[in-house]
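Colleague: First the structure, then my questions, so here it is.
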Amino acid sequence: MSDFVDRVTVHVKGGDGGNGSAGIRREKYKPLAGPNGGNGGKGGSVILKADQNATSLLDFRFMPHRTADSGTMGLGDTKDGSNGADLVLPVPVGTVVFEARGAQGFPKKPGAVLADLRHAGDTYVAAAGGAGGLGNAALANRTRRAPGFALLGEPGDERDIILELKSIADVALVGFPSAGKSSLIAAMSAAKPKIADYPFTTLVPNLGVVQAGDMRYTIADVPGLIPGASQGKGLGLTFLRHIERTEIIAHVIDCVTIDPDRDPLSDYYALEKELGEYADDLDLPLGAIPIPERPRVIILNKIDVPDAKELADFVRPEFEKLDLPVYEISTASHAGLKELNFALAKLVKEMRAQIAEREESVDEERVVIKPLEEPGTQRRNGRNAQVREFEIEREDDGHGNFWFTVTGVKPERWVRQTNFDNDEAVGYLADRLAKLGVEDSLRKHGAHAGDEVRIGRGERAVAFDWDPTIAAGAEMLDGTQLGSRGKDLRLEEEDGRKRRRTNSERRREYHEMMDARAAVRAAMQAERAAGHWADPSIDDDRHDEQSLFGRGEVEEYEDEPGADGSRQLD
């Protein structure tokens, strides 16, 4: 099995964020001294990093599932959980990251380009780690002094990606099988490719570093091409993509072929046809030179063989008519290699200067279009990118069942952070959604109490029956020590500063109290003057009888008054 692998499908998952803690600080004489739950740690991310020492994607074939570490849970005493370590995966320089498309259980196909790691040190976050949940200490405020809940950590990103290696070399050696490409790269560099006297000996690209004085450049030995390679014949498109990154294409032509249908000119035109057909379907990055317009070099090989020199001298004028530089070499005797080496180095130097100028001009000419701000959107992190808070869509299954789907960064994140086993946390979620305007928007879309509402899509969607009058937090709990959500009445009693009165308030309360007493005394004097009260100096129950007279509740009494002038009841 070859050690060279240039395309793999990898399943990456970021670490989950740690859950927040819902702790209460307990001290002597203060059994409930306030919340002290810490925040959960952030999950680690899966990061791809271009490394010059990496030459293949072989490691990903045997280990296609990569997961970063998760963050730990927060603790009491406001101790935050530790963050999960990032998982940094080295990939060869020239690796392109694609979005994997396809049904579950079937081979994935490349989709949109996510990243192009063309330079050493380039990084790409393939799967971001989840954020840690907030503890109840971070959730406390003036109105929610003792939250009885904490937020859950968010799960890390999870998806499939396709890694595709496109070799980055200054010069690409192309030619028919057994043209001597591997022998040439072995003669010009320290590379040691497999060399044999049969076709398709080279099955994987070989890279070699060539030194020409103080100039250093790289050459790539692309496996042999044949007519129809652009349609999949021979090795097909398997290695044609390695030519995309090379700025110079060198045709290595065999001058001693024994095939009667082949000659140096026909070999050149046949390979150019395949390169042109492959380039038609190629989507090059902005500013890149199309493959048909890149510089060509003709290398006539094996001139040390009898009659090969005569054939090379015969076809040389034909190539020169096409304005193509021609070099006659022998990889066996090393004839002409020095001249070829310095000629390629000079051409590479010129192309590098053109590439630098082209990249600068592309950056200067790039047009940035800034969209107008729309109602219901907001800026993220002060940048021009706008983010719509949420979207609501009414959906149905065609059988009379319908529901409302709420999508948006904030609502979906809040749902993932909510512990639905905690009623107070559910009430907190309801308040956040109402404050964001979700409830008002649901009413505008025709939602009624009891309708099904789904927040998010896919496996992480949460469905529930909408109740716009849902009680909040602590009000849903059966506890005599709980006030409004997030409050504990025992903590309210310990706050003496809240009952402290100002001097003006004290004077006002004193005057109100004295006025109330004076009013009571005046009322008592009026009742006594009206005869509703008996003489308090006599110890009997006549004041009770007199009070009954005042209310008109006596129906019968004696005609003759008593010795003290009072009436006696029957």
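Keep in mind that glycine also has a Cβ here, set from the backbone N, Cα and C atoms.
Model, not experiment: these values are computed from the prediction.
What Swiss-Prot shows for this protein is this:
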type    : residues                                    : note
DOMAIN  : 2-168                                       : domain 'Obg'
REGION  : 15-43                                       : region 'Disordered'
DOMAIN  : 169-349                                     : domain 'OBG-type G'
BINDING : 175-182, 200-204, 221-224, 301-304, 330-332 : GTP binding site
BINDING : Ser182, Thr202                              : Mg(2+) binding site
DOMAIN  : 382-468                                     : domain 'OCT'
REGION  : 521-570                                     : region 'Disordered'
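Describe the structural surroundings of these features, if you would.
Modeller: For the region 'Disordered' (15-43), DSSP puts the residue distribution at 0 helix, 4 strand, 25 coil.
In the three-state DSSP scheme, Ser178 (GTP binding site) is classed as coil.
When Cβ atoms from all protein chains are considered, those within 10 Å of Ser182 (Mg(2+) binding site) total 25, not counting its own.
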Colleague: By Cβ distance under 8 Å, which residues at least 6 away from the ends of the region 'Disordered' (15-43) in the same chain are close to it?
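Modeller: Residues packing against the region 'Disordered' (15-43) from afar: 67-84, 129-140, 145-156, 488, 490-491, 494.
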Colleague: Which one of these binding-site residues, Ser178, Ser330, has the sparsest Cβ neighbourhood, judged by other Cβ atoms within 10 angstroms?
Modeller: Ser178
Colleague: Pick from Lys181, Lys302: which of these binding-site residues has the biggest number of other Cβ atoms within 10 Å of its Cβ?
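Modeller: When each Cβ's neighbours within 10 Å are tallied, Lys181 leads.
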Colleague: In Å, rounded, how far does the Cα of Ser182 (Mg(2+) binding site) sit from the Cα of Pro223 (GTP binding site)?
Modeller: 9
Colleague: If you draw a 10 Å sphere around the Cβ of Pro223 (GTP binding site), how many other Cβ atoms fall inside it, taking every protein chain shown into account?
Modeller: 22
Colleague: Averaging the per-residue pLDDT over the domain 'OBG-type G' (169-349), what integer do you get?
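Modeller: Taking every residue of the domain 'OBG-type G' (169-349) together, the mean pLDDT is 77.
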